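Colleague: I have a structure here, written as structure tokens, and I will follow up with some questions on it.
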Amino acid sequence: MEQSEDTIQHERKNTFLSRVFGVHSSEVGDSIETAELSQYPIQIARSGSNAIDESRVIESDQASSSEEEDTDGHDLSVAENMTSYNGAQGSGSEDSDVPFSDQELETIETYTIAKVGQGSSSEDDRLQADSAEEEDALLFQHRLQDGSKGRNKVSSQPLGLKRILGSKGKSILGKEPASQEDSFIFRKGPTWDEENQLRPESKRPGLLSGKSNARLSSPSRPSPLSARERALWKWANVENLDGFLQDVYSYYLGNGFYCIMIEKILNLLTLLFIVFISTYMSHCIDYSKLPNGHKFSDVRVDQCYETQITGTTKLLFWIFGVFVVLKVVQMYFDFRRIHEIHNFYTYLLNISDKELQTIPWQSVIHQIMRLKDQNAVTANVVEVKAKNHIDAHDVANRIMRKENYLIALYNKDILHLSLPIPLYRTSTLTKTLEWNIHLCIIGFAFNEAGFLKQSFLNPAQREFLSEELKKRFILAGFLNIILAPFLVVYFVLLYFFRYFNEYKTSPGSLSTRQYTPIAEWKFREYNELYHLFKKRMGLSYEVANTYINQFPNALGDYFFKFVKFISGSFVAILALMTVLDPENFLNFELTADRTVLFYMTVLGTIWAVCHSAVNDNCSVFDPEDSLKELITYIHYAPKEWDGRYHTDEVKQEFCKLYNLRVILLLRELASLIMTPFILWFSLPNSAESIVDFFREVTVYGDGLGYVCKYAMFDENCKKGLRTNKHLQGTQTKYGHSLGDDHDSSDEETDKGMNKMIQSYMYFVDDYQNSVNAVGKYQIPKTQNLSHESKYNMKSHQHYSWKKQFKLGSKPEDFKIGSVTPRALSSSILANKPKSNLRARLDPEISHSNVQFDDLGESFINSIPVADYDPIERSDAMGGNGVLGLLNQYYRKSDVGR
């Protein structure tokens with residue numbers, strides 16, 4: 001009997017599905033990595049007993065000790081339940097074969113859901129000994145492992161779901177009714193079509209098409225997998241769902257296979273160009289021959305590599321060459337990985353590279369959820385349960401697992417980023433320092449699989465982890481000291497080549513502003529993907545400039561006007577002298593080695609910068625409304641600003657977050673030298689607070705593992721947007737109550753809860769509102785306002801002499817521009833009370849200031865200028881004659897005088 005079972009096991013491995021997708025047996029489970037928390041919840045309908053409780057494996061770098069017992073229990077239950085479906089063939093014989101005709105086989109193939117596993121590499125050696133008849137007979141057999149006896153049982157249960165399983169197929173496949181919210185964002189069942197009927201139907205994933213994905217081939221020679229089959233196999237055998245979804249999102253951001261690869265190649269060529277041109281200009285040109293030379297060959301040094309470049313420079317060249325070779329090797333592996341994602345998009349999601357530039361991310365999530373529904377039964381890997389939890393919220397949590405911790409880390413202000421020196425007392429975060437923080441903290445707290453290490457959840461490990469973190473800071477400081485000279489040279493040349501032409505053609509761009517790195521981390525919401533955040537920031541620039549330009553700077557204007565006059569006068573004198581002697585005067589040296597052309601260029605640049613710095617435009621002074629409108633874009637309003645929106649102090653605080661680009665560039669260059677000292681003297685003082693931070697903000701999510709608690713959007717958010725002053729009774733697995741945070745005050749708890757609720761509100765708007773389902777380069781369309789609301793808004797915001805000089809009113813008290821057109825943006829938040837939430841977050845805002853919030857003060861869009869034409873046309877139609885002409889004249893000419 002044992003020999004018969006061994007024969008069956010030997011023949012089972014030679015079936016067609018085992019050649020194409022690998023074997024499906026309990027042996028696969030022995031090689032499962034337990035770093036990812038997920039087991040598929042198989043619910044068994046057994047008479048007289050309840051369904052088996054699903055086991056929860058910790059998603060981290062440590063495995064569960066009860067993993068094998070749970071697996072054996074599931075397999076035994078499945079074996080007992082599968083016996084009842086044998087029907088007329090249910091003799092229970094282990095060695096019985098089920099004959100199928102070609103027509104039946106074709107019918108079964110149509111309704112078969114691919115169940116894929118991963119076999120051993122030695123199976124291909126035995127494929128030529130099998131016959132086609134044995135493959136057809138064994139194609140639908142499964143081996144079920146008995147956990148008590150360790151014997152292999154073979155059931156003749158076929159996989160033709162419609163034909164054999166019937167109504168009990170759901171119990172075997174584990175498809176139970178969803179118990180969570182029935183929505184696209186948090187749902188566990190296919191409910192997208194009911195919620196988005198107005199959206200054009202997207203193409204279904206190319207998984208269960210008319211013809212089978214598996215093509216029968218000659219038994220003597222196995223055929224290679226097609227691109228579609230390989231993509232399906234990769235999807236069914238994903239071992240790290242976090243990394244896979246991050247690759248899927250990076251592919252979406254990169255606009256497809258060719259764009260990503262070309263960008264990588266061009267980045268490498270940019271590095272090679274900077275190194276080559278800097279070396280050539282410094283070693284291979286004789287600058288002493290420039291005044292007398294007339295050709296490039298006159299100043300070029302022949303064989304400069306042998307004669308001019310020293311041994312140290314040559315050694316650095318060889319090191320750089322090794323680095324380039326390693327980058328090329330890395331690019332090769334990136335090519336293979338990106339090509340697999342390309343096949344996943346093309347064959348399983350039915351999304352081409354050309355569509356990625358315009359298709360919304362919500363549609364990609366939609367296709368992934370459809371793919372999960374169609375391929376519910378997958379390989380016996382640890383990601384089965386995780387795939388069953390795929391929705392928009394879980395996908396965002398997996399993609400931003402580390403970023404959510406960083407958002408909370410920077411918002412809690414527990415990092416010491418300043419030095420005790422006069423010019424560097426303020427906390428300044430630069431890109432260089434940000435990269436070092438990510439390397440030292442995130443690289444230490446998370447394992448290679450991307451999950452939080454469980455040692456951070458153990459309070460007993462606090463001292464050990466803090467000491468290790470301090471050592472990492474000190475080591476990173478030494479590495480930055482060693483690399484500082486090369487980084488300084490590289491970034492100086494990079495910024496020079498990148499911004500020189502921009503400043504040369506438009507010197508006024510020196511006064512442009514952009515958000516600082518710390519501002520971006522404070523403005524970003526939890527689970528807000530990068531393309532949504534960058535789009536929101538891009539829409540806020542114009543509003544931010546309008547707010548800052550409302551504050552006059554008389555002292556600065558006087559200074560810039562004087563410098564502008566002096567520099568312009570010298571340029572005019574030199575230009576006049578050039579007209580008198582155009583041939584020789586341009587090369588005339590005013591100082592040593594400085595010609596007239598040089599001074600005209602420098603003075604002309606100074607004049608252009610001063611001219612752009614002087615603000616001669618007259619605008620309506622209403623900084624309070626402008627800042628409130630800006631807050632709807634940046635989602636940042638500290639309590640210290642309450643009641644002071646119109647003051648210059650708030651404007652100065654905002655300018656620290658929205659600084660001049662030139663200042664930011666200088667800070668980046670200075671940080672290359674200052675970062676090692678911050679890593680040595682400042683950040684080690686925050687090591688204990690950082691370890692406590694990870695322990696206090698970490699919660700367990702079913703199917704997700706340990707994530708940041710603010711990114712989970714707990715039930716307090718989903719049930720009415722209620723704000724709590726304490727996180728009550730939420731226990732983590734390590735026995736720490738989230739409400740017992742003795743290190744943080746109630747104000748900090750309220751601040752964190754407010755940001756979490758705000759993040760939840762905008763997350764729902766991004767994914768639930770069909771208006772926001774646009775590509776990463778597009779802006780949502782605004783909904784048209786009704787004629788009555790437009791007329792009411794027009795009557796409140798447009799000037800009329802009748803309003804100003806009506807009886808019983810004071811003309812000097814009439815305020816123009818109390819409601820700006822930008823504040824009347826159309827509503828895209830139809831499903832949630834945004835104004836009520838903002839009133840809760842900022843209770844000092846009066847009702848008069850938010851009376852137009854219910855009209856739809858959108859955070860992502862405002863009404864274009866063209867949308868105001870119907871208002872003006874309706875005005876003209878309603879007011880003909882002399883009074884109508886006066887009304888039109890005053891509205892277009894006198895507003896703002």
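Yeah, the Cβs are placed from backbone N, Cα and C, and that goes for glycine too.
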Colleague: Quick one: sort out which of 112-131, 712-731, 792-811 is the region 'Disordered' according to Swiss-Prot.
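Modeller: Here Swiss-Prot associates region 'Disordered' with the stretch 112-131.
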Colleague: Does Swiss-Prot give E229 and G293 the same topological domain, putting them on the same side of the membrane?
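Modeller: Different domain labels for E229 and G293.
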Colleague: Take every residue in the topological domain 'Lumenal' (278-314), average their pLDDT values, and give the whole-number result.
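Modeller: Mean pLDDT for the topological domain 'Lumenal' (278-314): 82.
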Colleague: Could you tell me how many residues in the topological domain 'Lumenal' (278-314) are helical, how many are strand and how many are coil under DSSP?
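Modeller: With helix first, then strand, then coil, the topological domain 'Lumenal' (278-314) has 21 helix, 2 strand, 14 coil.
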Colleague: Cβ under 8 Å to the transmembrane segment (257-277), counting only same-chain residues 6 or more beyond its ends: which ones?
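Modeller: Hits for the transmembrane segment (257-277): 250-251, 320, 324, 327-328, 331, 334-335, 338-339, 341-342, 353, 490, 493-494, 497.
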Colleague: Report, as numbers and ranges, which residues of the same chain sit near the transmembrane segment (559-579): CB under 8 Å and 6 or more residues beyond its ends.
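Modeller: Distant contacts of the transmembrane segment (559-579): 585-586, 596, 599-600, 603-604, 606-607, 610-611, 613-614.
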Colleague: Give the residue counts of the topological domain 'Lumenal' (494-558) per reduced DSSP state, in the order helix, strand, coil.
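Modeller: Output for the topological domain 'Lumenal' (494-558) reads 49 helix, 3 strand, 13 coil.
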Colleague: In the same chain, who gets a Cβ under 8 Å from the topological domain 'Lumenal' (278-314) while lying at least 6 residues past its ends?
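Modeller: Counting only partners 6 or more residues beyond its ends, the topological domain 'Lumenal' (278-314) has Cβ contacts under 8 Å with 489, 493.
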Colleague: Residue list, the intramembrane segment (432-452) vs rest of chain: Cβ under 8 Å, 6 or more residues beyond ends.
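Modeller: Sequence-remote neighbours of the intramembrane segment (432-452) are 33, 35-36, 59-61, 240, 242-243, 401-402, 405-406, 409, 415, 417, 468-469, 472-473, 476, 480, 487, 517, 668, 671-672, 675, 678-679, 683, 690, 694, 698, 705-706.
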